[in-house]
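Asks: This is the structure I want to talk about, given as structure tokens.
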Amino acid sequence: MVAELVEASKDVIITQLTQQLRSIEERLSNIESNENVNENAFFMCSMALIIFLMQCGFAFLEAGAVRSKNTTNILIKNLLDSCLAVIGYYCIGYAFAYGPGTPGSNWNLFIGYSQFFLSGVDNYSKFFFQYVFAATSATIVSGAVAERCEFATYITYCTVISSFVYPVLTHWGWAEGGWMKNGIQSGNINTTYIDNAGSGLVHLCGGAISFLAAYMMGPRHGRFATEDEEESIEIKGHSVPFAALGGFILMFGFLAFNGGSVAEIVKPGDGPIVALAMTNTILSGAFAALIYLIIHYIWNGKWTLLLTINACLAGMVAACAGCNRIMPWGSAFVGSVAGLIYLGLSKLMLKLKIDDPLDAFAVHAGGGFWGLMAVCIIAPDGVAYSIVNVINGTKDGSAVAQAFAQLGWNLVCALAIIIWSVGIMGPVFSFLKIIKKFRVSYEVETKGLDIYKHGEAAYPLHAYGHGWDEFEHIKAEQGSIDKKSSIVHARRMSVHQEISMEELAEAYQRRSSVAFDLGDNTRRKHSLYANPKQFEHPEHHHKAKSKTTFTKNKISPFSSTKINETVVEEEDKSSSEAISSDDEHYRKSPEINNGWKD
């Protein structure tokens, strides 16, 4: 009897212990699962934060590459890019990209159609990560149309790209059920879209739209010579340090852009893959930069900084597609070819007289397209390895057939990306062109967008100076030396005259105005005497007055008169009735026009 009770008690105890162990096991499993979710979410958000910093990189790169009169315009466009992209992606973009549809529905092959306004979404780290990708795709275009794009056009294309064009492409290539991701399954052939970090979906999309926008908008005034002359006229940016800073920020952001696209960090092997992606990214960029720099030096004898940065970015763009697949030696090859492609496409754009101030097409479209092809060629299961394995006898011909099929499928997907991007944005740009909201007027472009569009000068004149020149009768002269004629172009706020270097030096020593030969032994002295603080902005320059002294056979220096006191003759500039010969010279020479002459 006692033995039976003991046995029964043992069975009960064992059963209870088993249940408790199972309960503990479930709790531990849930804890581990939650920890995995938390770690992945933290990883994704951390990478997204670094990628978001790329908006700052684009802003500084573009701002440094344009003239100072358009700096504020560039900066506010990059700010609005971040704002418009997140609003559009929140409302409809994420739904089009990842909204689940009806299983088996043909619509689900093309576009998502649920979870609008993030309804039913609980994976916010994925939303945030994909949002910064959408913003990147949209901001690529702004560099191609810099210094001449209407603000309404920017708002329109930024919204359309981030809310519709890019999300639909994302659904095709990355969402479950997308036709590009589904690929082809036939016999031994099994293809899918290979693009780890967006060489095609982000960069080829943005680069293709950049080409279309730059072509339809036309070049900046003065960028190219007449049709009879093939030589282009370089319009330099105002700040190499700004552009270099932006380039370094973009290089830093690309490491997270490609490494974060692995999307997980908790499973065995995830960490090494992330490290491989980052290693391949920096290697590809480095080889692209070095190849371009060497070739440029051989051709031009100059060690260029800004173009080398662009080549580096092109190499990183090319690495996006296969950064988690190819070996480091492969990334060196990818980057080297990307540098050559960037060089060729940049020259081609000049040959076609398509003005792309930031080389957005060459960097992003060229690098993106090559990246999609390269991953199918030099990845371990790519064409190159497959051919070698067949030659060695380790694999049969089916491996080569599979590799070429995958290459062909990625090529089809690349063409689909180009057709979709251009096909959607072409009508949008055409409509804006019809209603005359596509490009700013000649006057606004010449004077600069900062004042006319935003009322904020990036570099206000009254913010400069050490204070002592406030007591001087005439402000210090600003000038630039013409490389072709040893002539100094004086840059006053509303008066532009050509003077010799000797006259400028003499005038500076006397702190007086400069004389100009009018013929017939007549000399003219011309200087601005209105308050520079009051008439600092271009739209107020017509209110400024100038004073002119005419003498015969000699130059009479200015007397020490007070500001706003006429010496001999007062000319009212309140109307633009006549354009002087000097103003006409500058109107015909946009490459030396800083926007302040009007």
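Yeah, the Cβs are placed from backbone N, Cα and C, and that goes for glycine too.
What TrEMBL shows for this protein is this:
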- 41-66: transmembrane segment (TRANSMEM)
- 78-97: transmembrane segment (TRANSMEM)
- 128-147: transmembrane segment (TRANSMEM)
- 154-174: transmembrane segment (TRANSMEM)
- 239-261: transmembrane segment (TRANSMEM)
- 273-295: transmembrane segment (TRANSMEM)
- 307-327: transmembrane segment (TRANSMEM)
- 333-350: transmembrane segment (TRANSMEM)
- 362-387: transmembrane segment (TRANSMEM)
- 407-432: transmembrane segment (TRANSMEM)
- 530-598: region 'Disordered' (REGION)
- 547-564: compositional bias 'Polar residues' (COMPBIAS)
- 582-598: compositional bias 'Basic and acidic residues' (COMPBIAS)
Asks: Pairs of Cβ atoms less than 8 Å apart decide it: which stretch in 41-66, 78-97, 273-295, 307-327, 407-432 has the most with the transmembrane segment (239-261)?
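Replies: That would be 41-66.
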Asks: Same chain, outside the transmembrane segment (41-66) by at least 6, Cβ under 8 Å from its Cβ: which residues?
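Replies: For the transmembrane segment (41-66), the far contacts come to 74-75, 78-79, 81-82, 123, 125-126, 128-129, 131-133, 135-136, 139-140, 142-143, 146-147, 237-250, 252-257, 259-260, 263-265, 306, 309, 357-358.
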Asks: Where, among 78-97, 154-174, 333-350, 362-387, do we find the most CB pairs under 8 A to the transmembrane segment (407-432)?
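Replies: Looking only at 78-97, 154-174, 333-350, 362-387, the most contacts with the transmembrane segment (407-432) come from 154-174.
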Asks: If you count every Cβ pair below 8 Å, which range out of 154-174, 273-295, 307-327, 333-350, 362-387 shares the most with the transmembrane segment (78-97)?
Replies: 154-174
Asks: Using a Cβ cut-off of under 8 Å, list the residues of the same chain at least 6 residues beyond the transmembrane segment (154-174) that approach it.
Replies: 77, 80-81, 84-85, 88-89, 91-98, 110-112, 130, 133-135, 137-139, 141-142, 145, 180-181, 193, 195, 200-202, 205-206, 209, 213, 413, 416-417, 420-421, 424-425, 428-429, 432
Asks: So which residues does the transmembrane segment (307-327) touch in its own chain, when a touch means Cβ under 8 Å and the partner is 6 or more beyond its ends?
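Replies: Same-chain residues near the transmembrane segment (307-327) but 6 or more away: 61, 194-200, 202-203, 243-244, 247, 250-251, 254, 257-259, 261-262, 273, 276-278, 280-289, 291-293, 296, 334-335, 337-339, 341-343, 346, 358-359, 362-364, 366-368, 370-372, 374-375, 378-380.
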Asks: Restricting to the same chain and to residues at least six past its boundaries, which positions have a Cβ under 8 Å from a Cβ of the transmembrane segment (273-295)?
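Replies: Apart from its flanks, the transmembrane segment (273-295) reaches 196-197, 251, 254-255, 257-262, 265, 303-304, 307-309, 311-316, 318-320, 322-324, 326, 328, 330-336, 338-340, 342-343.
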